[in-house]
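Chemist: Dropping a structure here in structure tokens format, bear with me for questions.
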Amino acid sequence: MAPTTLTALAGEKTLQSSFVRDEDERPKVAYNDFSNEIPVISLTKESMKLAAVVDEICRKIVEACEDWGIFQVVNHGVDSNLISEMTRLAREFFALPPEENVRFDMSGGKKGGFIVSSHLQGEAVQDWREIVTYFSYPLRTRDYSRWPDKPEGWRSVTQEYSEKLMGLACKLLEVLSEAMDLDKDALTNACVDMDQKVVVNFYPQCPQPDLTLGLKRHTDPGTITLLLQDQVGGLQATRDGGKTWITVQPVEGAFVVNLGDHGHYLSNGRFKNADHQAVVNSNHSRLSIATFQNPAPEATVYPLKIREGEKAVLEGPITFAEMYRRKMSKDLELARLKKLAKEQQLQDVEKAKLESKPIDQILA
């Protein structure tokens, strides 16, 4: 069972066993060993009016998406003061007394609120993070009873932040459509009525960061994710199935754009779905804000363009709801098998210990 908060655990010298990952899942690269392999792309209004500049932006995005499924954007039009306010309020929320946070506990199937780890039900290992999440689009999905009422100003700022991020997402979908050689409205139309979920991640200092992860390796299910991260570092990406990892260089005020599974399928596999994780450290807490832009549940998932000589990556069209269900079912089954394997390993260790004991000690 997940602890109420990680505040108390952060001060301990050793990590609780529920957070300890198998050796093959542990971090291979330090949180601050930064790489500049992920391109940073400027989206100024002036540059987006120039055909030659747009062509160059599309070229960089194609290269980044074919390679990593990740790029960063600056000069994106989201006001720096709004970003600062959102970040400040998020840090203040996680600094509140635990009893304030758990008023919005989202366990038990509640939509939105506060939770520790947020690992899949049945998983053997927890993530070292606390989150607060809320659903913001379509507007009918907003349940303000699940939006924290502290610190003061939280709701008004998060509403404005959600609105601006939706605008940025629409702009990026147009650019991605052009990068795929499609009409600029192609991806937006494929989403039907875009969903938006905002997840604020807080990663406290960790006593043994080399043994755990802030967020396990995964791909996002949706179209794109816009991630705002502080300057501490911890977002990592792989392009070779987890053999090697890089730590993404934080850029002040930038948004990291991760392509999700939906975007991957719409491109017929040409663009990667970003394979990523978050690591933690013992020196600094870390904050990131992930805005997930997903298609409507009834949206069709199928390649928008199949180039000559290619085969479709999907056997046939499915809804996003069905795609998501299959992904969750697969993740739950993998978690179940991993948990069983771990339990069997512990049983084998205990059995070996027992078999090595003299008979008089066993019967004592």
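Glycine is treated like the rest: Cβ placed from N, Cα and C.
Swiss-Prot lists H218, D220, H276 with the feature Fe cation binding site. Residues annotated as 2-oxoglutarate binding site in Swiss-Prot: R286. Look at Swiss-Prot and you will find 191-295 tagged as domain 'Fe2OG dioxygenase'.
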Chemist: Other than H218, D220, H276 themselves, what residues in this chain have Cβ atoms within 8 Å of the centroid of the Fe cation site's Cβ atoms?
Modeler: L215, R217, T219, T225, N258, G260, N273, A274, D275, Q277
Chemist: Write out how many residues of the domain 'Fe2OG dioxygenase' (191-295) are helix, how many strand and how many coil, based on DSSP.
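Modeler: With helix first, then strand, then coil, the domain 'Fe2OG dioxygenase' (191-295) has 10 helix, 44 strand, 51 coil.
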Chemist: May I ask which of the binding-site residues H218, D220, H276 is closest to the residue listed as '2-oxoglutarate binding site' if we compare their C-alpha atoms?
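Modeler: In terms of Cα distance, the residue listed as '2-oxoglutarate binding site' lies closest to H276.
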Chemist: Around the residue listed as '2-oxoglutarate binding site', how many other C-beta atoms are within 10 angstroms of its C-beta?
Modeler: 25
Chemist: So among the binding-site residues H218, H276, who's got the most Cβ atoms within 10 Å?
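Modeler: The largest 10 Å Cβ neighbour count belongs to H276.
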